[in-house]
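Q: Pasting a structure below so you can have a look.
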Amino acid sequence: MINDIRRINITTSSIESLNENSKYLKRNHKRTIKICAYAITTFALFFIVVVYFKNQTNVNDANRNTLAAIDETSLMNKEIAYLREILKKYKTKTNENNEYAYEKNDDINGDGEDEHELLLMLHKFLKNKGNPNKIDRFDINNNDSNKNRGNENIDQINILSQKLESMHDNIKYASKFFKYMKEYNKKYKNIDEQLVRFENFKTNYMKVKKHNEMVGKNGITYVQKVNQFSDFSKEELDSYFKKLLPIPHNLKTKHVVPLKTHLDDNKIKPKEGVLDYPEQRDYREWNILLPPKDQGMCGSCWAFASVGNYEALFAKKYSILPISFSEQQVVDCSSDNFGCDGGHPFLSFLYFLNNGVCFGDNYEYKAHDDFFCLSYRCAYRSKLKKIGNAYPYELIMSLNEVGPITVNVGVSDEFVLYSGGIFDGTCASELNHSVLLVGYGKVKRSLVFEDSHTNVDSNLIKNYKENIKDSDDDYLYYWIIRNSWSSTWGEGGYIRIKRNKLGDDVFCGIGIDVFFPIL
């Protein structure tokens, strides 16, 4: 042990060298710690900086989006504010010509709920109409958008300008549309359907206005107005007026009695000529007609015409006030007809012949088909003996010797919009509607709107008289027809249609299909 110790030669210089090495190792250790600390600090600072700038970018984007949203909201608010201002101004316009009730907005005034709905509907309408492709808003991060931003902004300004220019007219039509909805109790599923109906209404309204400006010119002797069909499209109207069912020849041969045979059987001697009969005949003055009924959205005109004919002749025969009989019974129970999908008055009379018809109170009208025939409800059934018919040249004779008769007509868009006067417009080429012929007459052209049943605006009558020429003040001949579209349509539910002096010109198809019940 001692020898080993002796082998170690320890000097002062060796000890100093060892001390230096120890210090060097300590310094390296501290340097490593510092480097690690600096690295960690640098990484932390870098991370903080990255996070900061990322957050700042998100904040900028959010602010930009917020500003854009605020800009869009401001634009919408400006539009709505403009609409409100126009609505207020429009309400004060009371000096415009009043073609009919929709020129004034009294019902809209003060109705906050309706005004809000009006603005909502119109705002959506204007956005869809003025910008159908939904032009995207300007995006500052989109290079393509940046490149064309000037053009896009100009386009958007032009679009907005066009919107603002058309707002006055649209707010005017929209306010009329809301009054129309109230009057006819129109209910729509959603705002999209309401917009479609608004467009249909606006089209028909402009058509009516254009027609009424021409009344008195070019021989036009009737006026139009919007009614329960004015929110229909042309396709819907064509679908509503269905072609009348054909009559099997064998049934017609078996059950129909010609007019002259019927008169001979009842020992009635008719006049020798049509001109021997009175110049006027109006069964509205005889107290044998009920007020015009309303078939609604059911294609049951054939039932209303035939039942109305039966009611009138029943009252005339027994000299009593008219009693209402059941259209719904015929709609549900007449298997030869197709209910609300169409029929024919002859087939309706054939049902009366075999089964009778009950009072309306026992079998009330629903304006739709029932799955079952509920004729057990009928406490009393009145039958007829035979079915009569007449030729076109016998219409005036029929009205005088029999009474009201059922005829079929060809209804057109112009016919539907009729409001008053003597209709001389275009008719459909096919018979598609059944009505009750209740009289005929004649009138001087200048006095067309002086009829007691006419309720035409005085301004229209004034314009009509200014437009006709004194040299053209001849006599006009017409039929009086009761429709089944309620008493709000036409002249209290009636229409006057032009005819020639003898009544055999079959205008609008009147005279082609003529039937009446023989009690």
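Positions of Cβ are set from backbone N, Cα and C atoms, glycine also.
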Q: Which of Cys301, Cys333, Cys340, Cys508 is the other half of the disulfide bond that Swiss-Prot records for Cys427?
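A: It is Cys508, per the disulfide annotation in Swiss-Prot.
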Q: Looking only at Cys333, Cys340, Cys378, which is named in Swiss-Prot as the disulfide mate of Cys358?
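A: Among Cys333, Cys340, Cys378, the cysteine that Swiss-Prot links to Cys358 by a disulfide bond is Cys378.
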Q: What does Swiss-Prot give as the disulfide partner of Cys373, choosing from Cys333, Cys340?
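A: Going by Swiss-Prot, Cys373 is disulfide-bonded to Cys333.
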Q: Determine, on the basis of Swiss-Prot, the cysteine among Cys301, Cys340 paired with Cys298 in a disulphide.
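A: So the cysteine paired with Cys298 in Swiss-Prot is Cys340.
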Q: Could you check Swiss-Prot and say which of Asn9, Asn432 is marked as N-linked glycosylation site?
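A: Looking at Swiss-Prot, the N-linked glycosylation site feature maps to Asn432.
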Q: Distance between Cys358 (disulfide bond) and Cys427 (disulfide bond) at the Cα atoms, whole Å?
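A: Approximately 35 Å lies between the Cα of Cys358 (disulfide bond) and that of Cys427 (disulfide bond).
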Q: Measuring Cα to Cα, how many angstrom lie between Cys427 (disulfide bond) and Asn483 (active site)?
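A: Cys427 (disulfide bond) to Asn483 (active site), Cα-Cα distance: 16 Å.
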Q: Measure from the Cβ of Cys301 (active site) and count the other Cβ atoms within 10 Å, all protein chains considered.
A: 27
Q: Fewest neighbouring Cβ atoms within 10 Å: which of the recorded positions Asn432, Asn483?
A: Asn432
Q: For Cys508 (disulfide bond), what is the tally of other C-beta atoms lying within 10 angstroms of its C-beta?
A: 29
Q: Just to confirm: which same-chain residues, 6+ apart in sequence, have a Cβ under 8 Å from the Cβ of Cys373 (disulfide bond)?
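A: Counting only residues 6 or more apart in sequence, the Cβ neighbours of Cys373 (disulfide bond) under 8 Å are Gln329, Asp332, Cys333.
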Q: Work out how many Å separate Asn483 (active site) and Cys508 (disulfide bond) at their Cα atoms, rounded off.
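A: That comes out at 14 Å between the alpha carbons.
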Q: Roughly how many Å separate the Cα of Cys301 (active site) from that of Cys508 (disulfide bond), to the nearest whole number?
A: 16
